[in-house]
Amino acid sequence: MNFDGTNWLQLSFVGMGNRARNRRTIWLEESLGLRQRTESQHGNVGGSGRSSRRSVASTDGAASCDEEDEEHEDDDEREVISDCSHTDDEDDDEPSRYGVERGDGYDSDESPLNEHPLGEIIYYRTSASRDSARFGRRRPREAVNVSYMLAGREINVSGKSNFSRAEQCHVACNYLPTHGPTTVDETKSRAYTGQFSADGSLFVAGFQEQRIKIYNVEKGWKLQKNVICRNLRWTVTDTALSPDQRFLVYASINPIVHLVNVGNESGGVESLANITDIHEGLDLSVDDPRQENVFGIWSLQFSHDGREIVAGASDRCIYVYDMEAQRTTHRIVAHSDDVNAVIFADSSCNVIFSGSDDSKVKVWDKRCLTQRTEPAGILEGHLEGITALDTFGDGQYLISNSKDQTLKLWDVRKMDSSTPRHRLLKIPTFRWDYRWGDYPGRGKNLKHPYDVSLMTYKGHQVLKTLIRCYFSPAQSTGQRYIYTGSTDGLVYIFDLITGKVKSVLNYHEGPVRDVSWHPTQPMLVSSSWDGHIAKWMYSPDIVAAPRRYYRSSDRARYDGDFDSD
């Protein structure tokens, strides 16, 4: 299943007999004005509609068949049309497992993003062309039936003989990776991280048992390398692959980031200290009397050119490490609490987004940093600490996950470059520990008085650990969706435009801390505290693993453990 190939997009007339395929082509050409209708084709003369259709098919060179075969072909055609129109909206109004309506959000015509530039970007990334939309669409921006698009491509309506990238995304948005799952790996240790490489050829999973596993996706998820971690405190908190996929860095609750080589399939799977293997420690601490002696790293990422690593730490600071100079070049006292999430805004690597337990998202420009560091801007709207960030990739839009049980979409252009005096007062928050209890504000209509976010998405749980969130891949879905793990063991996929829950994936019996969508295929992998790495795909015939439930006995088991993040 690859959007660049001819596998799953070659659905053109799969399952149709020759006669049904010819009828579909003739009907399509007539609809587009490419074929002149005749009386016999309308069924007005020459007998019944059935016999008329038979005469039309025979004029196209199809072999004659009896009525029973033709009825069977009609059933095949209806089945294909039904399958090509597949969506996951049938149960939008079904309540979630803890009382939030899954249908919450906006109708597509009422969404505040409709007139926003981001809405326009998403629309043009995922819309069918004018030629494909000449039929099958009754309103502007309404989805075009995929079977019509495939039929149009079959007769080359656009003259390009293939789908454009936007049309591929339009098709892919109807085939989300919601079937399954199948189990990639099962351990007795909690999975804290799990991410695909940029090209989707590798998958990296970090476990609490002091191991990081690198799987070769293209070779049947074969274990390519099993990294034995060093100097861990409690668990692996984050991992990151270099852009060239040669190196992996991992962090824990200490100031040392470790660098290992990814290796290849022929070089064994154990990562041990020898002359053929790299396993080095990168000390992010600096010679500063104001620095805490011991701090942990919650988040880290490579820059797009691979020259720098940015990290968010428990000492309220952001660290920028230069790989060539092998030293920390920037230490920014960024927030008033732990920095749980950091990310480069775009490929320029000059702007950094950070999220903290102080509930603020801040924007930093490395080019403007001086000894007295101030952020380029502040984004306010969350009521509790922030657990994760992801960027749209253009430096303007980002999303954040928060312990206030919401996920928010931001436009950097709405940030405050300076904080007015009347906004220096601390916004009231609940004094609670998200590791041990439920959110006290659940069910209450709470809103930040200075909320500048574009959209708010609700329905998932952010408790016990730093739950991650992401935009869906640009290449396959045009970033139309937002997806996140959840403490209740579910994976949520939101429609970015409407804010509605598009799909909920139910399998795990422990919190899903991380989840990753393959960059080009309809494949999603969830990593959970139950030790399972589960793979979801679009494949109606997939044999799913037995469904797992988050029972009260399991909840007690997890609640009894200490977790620093």
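Each residue, glycine too, has its Cβ placed from N, Cα and C.
Taken from TrEMBL, the feature compositional bias 'Acidic residues' covers 65-78. The annotation compositional bias 'Basic and acidic residues' is assigned in TrEMBL to 95-105. Look at TrEMBL and you will find 37-118 tagged as region 'Disordered'. For 297-331, 332-365, 379-420, 505-536, the entry in TrEMBL reads repeat 'WD'.
By the Cβ criterion (under 8 Å, sequence separation of 6 or more), the repeat 'WD' (379-420) is not in contact with the repeat 'WD' (505-536), since fewer than 3 such pairs are found.
Residues 298-301, 303-305, 307-308, 310-314, 316-320, 373, 375-380, 382-391, 393-395, 398, 400, 402, 404, 410, 412, 415, 427, 429, 466, 565 of the same chain, all 6+ positions outside the repeat 'WD' (332-365), place their C-beta atoms under 8 angstroms from a C-beta of that stretch. Sequence-remote contacts of a segment are chain residues at least 6 beyond its ends whose Cβ falls under 8 Å from one of its Cβ atoms, and for the repeat 'WD' (505-536) they are 1-4, 8, 172, 175-196, 198-200, 203, 205, 207, 217, 221, 463-468, 470, 472-473, 475-477, 483-493, 545, 547-551, 554, 558. Long-range contacts of the repeat 'WD' (297-331) within the same chain, counting only residues at least 6 positions beyond its ends with a Cβ under 8 Å from a Cβ of the stretch, are 237-238, 240-244, 249, 251-255, 257, 282, 284-286, 288, 291, 337-344, 346-349, 352, 354-356, 364, 366, 369, 466, 565.
Residue counts for the repeat 'WD' (332-365) under DSSP (helix as H, G, I; strand as E, B; rest coil) come to 0 helix, 19 strand, 15 coil.
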